[in-house]
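This report refers to the structure that appears directly beneath it.
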Amino acid sequence: MKQSRKSYTVGIVGASGAVGEELLLILEERSFPIKKLILLASQRSVGKEMEFCGRKYPILETTPEVFARENIEIAFFSAGSNISKQYAQHAVDSGALVIDNTSFFRMQEDIPLVVPEVNPYDIVKNAKIIANPNCSTIQMVHVLAPLHKEFGIERVDVSTYQAVSGAGKRGMEELITQMQKFFAFDLNSVESEVFQHRIALNLIPHIDVFLDNDYTKEEMKMLNESQKIMHANFQLSATCVRVPILRSHSEAITIRFKKKVSADSARDILRNAENVVVIDSPNENCYPMPITATNTDSTFVGRIREDNFDKRILHLFCVADQVRVGAATNAVRIAEKWIQL
Ligand code: A2P
């Protein structure tokens, strides 16, 4: 691998959020070549500090001018679509590469949408903005792409079990507060602000807004984004469900291939897939669970089995840490590939 000696002025927009905090940890863990670090959030956070590599850094306000003033070369955006809409172009105009964690740019034709294990070739040196896919899509394509290469996918049906971290820090706090009220026998006084209903001890089959076709935007992201990343046009229908789990998403996936498949061959392929770990010994009660994946950078897959009726269909279960694999780690992996070009 070509080693890059250059180091960069890195900005994080939304540094104080769930993904922003994780970005800091991952940049430190992976010794990302940082010359200068600029932490950005809303005006509310000005005056606060965050730690990176044993040093405290002030949080600055996100403004149109800050990118040029601080000479930011790589800007990670993780503060929500509206903030990307408002500020990403200012970062680009000042010469920065924007790696955007929101949905704002993902489906724009001229913007690469990248999962480095799947379509690294879409990262180009002169890119101005590279979009980071939706969290549920990232872990799904980690599993689909290697199987597609071998057997050709015709159709995917996926049901998700998505952690509250997908709704940011406020989502996590809402679950924790509601669980505390449950243990204080006070669940009746619970108010839901982030989610449409009580999330503690409940499931909500509703993530993002409903569209005219009765699917949610989250469900349509899984179709549109996976086709764009994999450059393939298989069919896909999703049901996305919010579950009272703090930070790892799970997915039950049914895949129909163009060819006959066996569970053994799929296991072999997935064992060799980058950043995928197969845990599949049902007789020993071994399969992936949210607690397996939390705080890791891999997508875990198990329960791989053949369909009872159709030899072209496999069923499996995959889990990954939404904040890391589904957001921050993917973004840093994109940046690592980009600096190597
Ligand atoms: P702040 O902490 O100052 O509100 P999460 O996804 O965990 O909810 O985090 C959202 C992130 O987006 C936080 O860092 C938050 O900063 C940031 N953010 C929210 N509104 C703005 C804004 N108007 N300008 C810049 N950053 C913002």
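Every residue gets a Cβ built from N, Cα and C, even glycine.
TrEMBL names SER16, GLY17, ALA18, VAL19, ARG44, SER45, SER165, GLY166 for binding NADP(+). Of GLN235, GLN322, the residue it gives for the same site is GLN322. Residue pair GLN322 (NADP(+) binding site) / GLN162 (substrate binding site) shows a Cα separation of 8 Å. The shortest Cα-Cα distance between SER16 (NADP(+) binding site) and any of the recorded positions ARG106, CYS135, GLN162, ARG242 is the one to CYS135. Ranked by how many other Cβ atoms sit within 10 Å of their Cβ, the binding-site residues SER16, SER165, GLN322 place SER16 at the bottom. Checking each of the binding-site residues (ALA18, ARG44, ARG106) against HIS249 (active site, proton acceptor), the C-alpha distance stays within 10 Å for none of them. Scoring each of the recorded positions (ARG44, ARG106, CYS135, GLN162, HIS249) by how many neighbouring Cβ atoms lie within 10 Å, the top position goes to HIS249.
For ligand 1, the neighbouring recorded positions among ALA18, ARG44, CYS135, ARG242 are ALA18, ARG44, by Cβ distance under 6 Å.
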